[in-house]
Amino acid sequence: MAEIYYDNDADLSIIQGKKVAVIGYGSQGHAHAQNLRDSGVEVVIGLKDGSKSTPKAEEAGFRVLSAAEAAQWADVVVILAPDQVQRTLYADDIRANLEAGNALVFGHGFNIRFGYIEAPEGVDVIMVAPKGPGHTVRREYEAGRGVPVIVAVEKDATGAAWPLVLSYAKGIGGLRAGGIKTTFTEETETDLFGEQAVLCGGVSQLVQYGFETLTEAGYQPQVAYFEVLHELKLIVDLMWEGGIAKQRWSVSDTAEYGDYVSGPRVIGPHVKENMKAVLSDIQDGTFAKRFIADQDAGAPEFLALRVKGEQHPIEATGRELRKLFAWNASNDDDYVDGEVAR
């Protein structure tokens, strides 16, 4: 059974007694910084010169420094930049400004798990990873609630890393909902697997194949879109509320029976074997090496795959349909970069 921590398990005064630098002011960065500040913690923001986030952070009342200056000032350095830029940011601006007794905080274990970042002697390495986007982390905190968090300690150089990680998690509101104890390895490998095999890669491919199957059989693209993509939210919401059992309880008997007899025909044992291969590539570092090598080369594979995905017929159909509904009219205008949700 997982070990779960709550507010009563943490001493907020620990993080209140630290100077915290949040490196990055995107979705997670703004939530961590604002929640910590509202919990009585002294926080500065570290950003590169010319960052588009600087005006936002300053408008929110934060002092903005360079990443190097912020790291030098702080006792606790929170790295919330995208995975692919963390190691360069760390090497160029952060590492030389760390000293014994400091702590590095991560929101995801990628760079530690795969060895792209290595902390110097005497520096704690901890993780607090909210299981929700930053705007939800902030909204729930303001409402007196919290988003569950994953907490881990990779390196306890000071002997006080666990009290610190729990105090930090309490400071952002995570222990109101609960903090699940894990390791950097478990968080990284399961997170990447979930994204690739189910939540992003698996679902995206399933939806595209479903759309193609219907349209190639002569059905209208608009009808196909509703059946395989639009209604997915209704099903996922039910699963989120009460698991697969509630989803099956809520749908018609026809849909439930079709679930049992046709689901295994589509997602058969061969899919599970493919999932195992995906997990193996994550565990042995194959995926990480491929991703970082592509990013270092300017992301040619990544960008080509993005363009290919955007050109799938389901995207044009979706844009056409979403314009018809007032409650959905602006949903195609509220994102720009792939990192917006992180």
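The backbone N, Cα and C atoms fix where each Cβ goes, and this holds for glycine too.
The domain 'KARI N-terminal Rossmann' annotation in Swiss-Prot covers 2-182.
The NADP(+) binding site annotation in Swiss-Prot covers TYR25, GLY26, SER27, GLN28, LYS48, SER51, SER53, ASP83, GLN84, VAL85, GLN86, GLY134. The 10 Å shell around the Cβ of SER53 (NADP(+) binding site) contains 16 further Cβ atoms across the protein chains shown. According to DSSP, SER53 (NADP(+) binding site) sits in a coil region rather than a helix or strand.
Taken residue by residue with DSSP, HIS108 (active site) is part of neither helix nor strand, so it is coil. Sequence-distant neighbours of HIS108 (active site): residues of the same chain at least 6 apart with a C-beta under 8 Å from its C-beta are ASP83, MET127, ALA129, GLU187, THR188, ASP191. Residues or ranges marked as active site in Swiss-Prot: HIS108.
Residues annotated as domain 'KARI C-terminal knotted' in Swiss-Prot: 183-328.
Among the features that Swiss-Prot reports, substrate binding site is placed at SER252. Following the DSSP three-state reduction, the secondary structure of SER252 (substrate binding site) is coil.
Highest local Cβ density among the binding-site residues SER27, GLN84, GLN86, SER252 belongs to GLN86, counted as other Cβ atoms within 10 Å over all protein chains shown. In this structure the alpha carbons, written CA, of GLN84 (NADP(+) binding site) and SER252 (substrate binding site) are 45 Å apart. DSSP assigns TYR25 (NADP(+) binding site) to coil in the three-state reduction, placing it in neither a helix nor a strand. Among the binding-site residues listed (TYR25, SER27, LYS48, SER53, GLN86), SER27 has its Cα nearest to the Cα of SER252 (substrate binding site). Neighbour list (TYR25 (NADP(+) binding site), Cβ cut-off 8 Å, at least 6 residues apart, same chain): ALA33, ILE45, LEU47, SER51, SER53, THR54, LYS56, ALA57, PHE62.
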